[in-house]
Amino acid sequence: MKTGNPRHAFHRRGFLKRAAAALGSSFFSPHSGSVLAQDFPGREDRLGMLVDLTRCIGCRRCEAACNQTSSLPAPEIPFGDKSVFEEKRRTNAKTYTVVNRYPNPQRVGMPVYVKTQCMHCDEPACVSACLVGALKKTPEGPVIYNADVCIGCRYCIISCPFYIPAYEYSNAFEPKVQKCFMCHDTRILKGEVPACATECPVEALTFGKRRDLLVLARSRIMENPDRYVDHIYGEREVGGTSWLYISGVPFEQLGFPGNLGTTPYPMLTREFLSFVPLVLVVWPALLGGFYLMTKRRMQEDRAESGEPKKPEQTLEA
Amino acid sequence: MNTLVDFITHTKGLEYLIAIAFLISFIIFWQMLHRQGVRFWVTILPIVALVLVFGILGLRINSQRPSEGVAVGESPFLTTSVLAEWYGPASFDHSSHPDHQGDCGLCHHYSQGRIPSCSECHGKPFDAAELKMPGLTHAYHLRCIGCHMENQAGPTNCVECHTQAEIPPLSAVHPLTGVTNCLSCHGENGIPGVTRVPADHLQATNGVCQLCHKPRVEAKDFAGLPHTLAGREGCLMCHGAGIAGASKVLENHTGRTNETCTLCHKPL
């Protein structure tokens, strides 16, 4: 390539300018123009699930349906047994969803049942924490997992604000990360509804496009202001989630993490991550340049003073 | 790029490439400084090659999984099939709700004048395109259970309204003592003429049959064989057509072969 070509020179200058702008903007003002501050609206048609906690009757059919459709081992306590509500349970590698019972402070004797599973965040922390891209936010909405590339670092488990992904510690040779995948491969890709929503006898679970569900949730709250608290959990929490909850009892009293904020978790590492390439390119080049400069100057000095050239090993040591 | 994580994944991919480039150029730089000759390259090149091969393999594995968008709502209908098998329909008795007579709109909401039945509006099982309209089953459940819970009166669990589907008991044909392998006869490749397990039971194993299916009547013993079996392998030669006073095999045994007779019928 001829360096004197003005077109090339122009292009390179343009590139350098853009790089400098990017560097500057990431340094000083993260929300001004440039690719680094781009806005990400999410896919328009992404799917979600609305959980109406005022409807749930605690029958645990969703748990049974999930267990069946995911081919999980049968639980120690059968799904019809209500004694499981005595203690708060969490999802684990063999249970992708659990229903817990919470006392209703407004109406004694009418407990609130809360279904817990992966929230399928719009900007999942687990996906951004994964080193190898084993977790993926699909265009349809669910966050899915590819066990073939997983290296078992369990960063996803640490990063999750809802404490959902679980690790198969009992599997010594091929442990996998397990969580609700919203029946992505088995049902959603075939145009079917996830198993839990299919089985729910009272439509406490409603499956649909996320934007439709938000409208539905808001209209339910508007039509029954006494029945619901004016909050759609998951609309803004950690930047929005695919699973949305409406309830008659404040979410803090139902075991929902209440202090998550509305910033997507990947946003916290975005600035740092955008910087790494620049550092990896600029820093070695700079130090290498210094080295070559110093070396050349020393050689010139030696040539001037007429000393014989030394072997390089001593110079480096 | 629709999401921030897409952007981050993309950036991370670029960074891995830059890191590899950095590694390689560092080796070249090192070589430039020290000029160690052929032996150095022999050691270092396989390492670089390994890193590259694993990197490319990893990328290939990860890109194998297709993630195509689907048209949502192509098949919005579904039925709650499993529950429908287990529970019979509930019948609603207007007269058992005397407190609400005259207040039809409590249940037959959004209507004036003529009272429509529930199924006129809540017809479909579930329609993703019409999220606001619960399906018939769900409408009933919401209305009944909701009201019962609200007023803390009336049944809220399944079996108080629904009759639970009856599980066929084990018929009285054979005794269960010593019988452990149900599927050898009742399974998919079982004996002809024997009741087969239903299609949705095909994954069931022998251990679970009697958890649900209980013997209803005291089972009677099988008919014993009055003669020795030495030299008489072909049962059906005589008993098939009832030759020379031999008892004929039962009507419901049609299609069974010689090999299966002595599984149940033992010499007296």
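Cβ coordinates are placed from backbone N, Cα and C, and glycine is handled just like the others.
What TrEMBL records for B:16-33 (among others) is transmembrane segment.
Among the features that TrEMBL reports, transmembrane segment is placed at B:40-59 (among others). Sequence-distant contacts of the transmembrane segment (B:40-59) (same chain, six or more residues past either end, CB-CB distance under 8 Å): 16, 20, 23-24, 27, 31, 34.
DSSP assignment over the domain 'Class III cytochrome C' (B:85-162) gives 35 helix, 1 strand, 42 coil. Per TrEMBL, domain 'Class III cytochrome C' is recorded for B:85-162.
Within 10 Å of the C-beta of B:Cys161 (heme c 1 binding site) there are 20 other C-beta atoms, taking all protein chains into account. The heme c 1 binding site annotation in TrEMBL covers B:His94, B:His97, B:Cys104, B:Cys107, B:His108, B:His109, B:Cys121, B:His122, B:Cys144, B:Cys147, B:His148, B:Cys158, B:Cys161, B:His162.
The Cβ neighbour count for B:Cys118 (heme c 3 binding site), using a 10 Å radius over every protein chain in view, is 14. According to TrEMBL, the heme c 3 binding site annotation covers B:Cys118.
In this structure the alpha carbons, written CA, of B:Cys161 (heme c 1 binding site) and B:Cys118 (heme c 3 binding site) are 17 Å apart. Sequence-distant contacts of B:Cys121 (heme c 1 binding site), defined by Cβ-Cβ distance under 8 angstroms and a gap of at least six in the same chain, are B:Tyr110, B:Met133. The binding-site residues under consideration are B:Cys104, B:Cys144. Their Cβ neighbour counts within 10 Å are lowest for B:Cys104.
Straight-line distance linking the Cα atoms of B:His108 (heme c 1 binding site) and B:Cys118 (heme c 3 binding site), rounded to a whole number, equals 7 Å.
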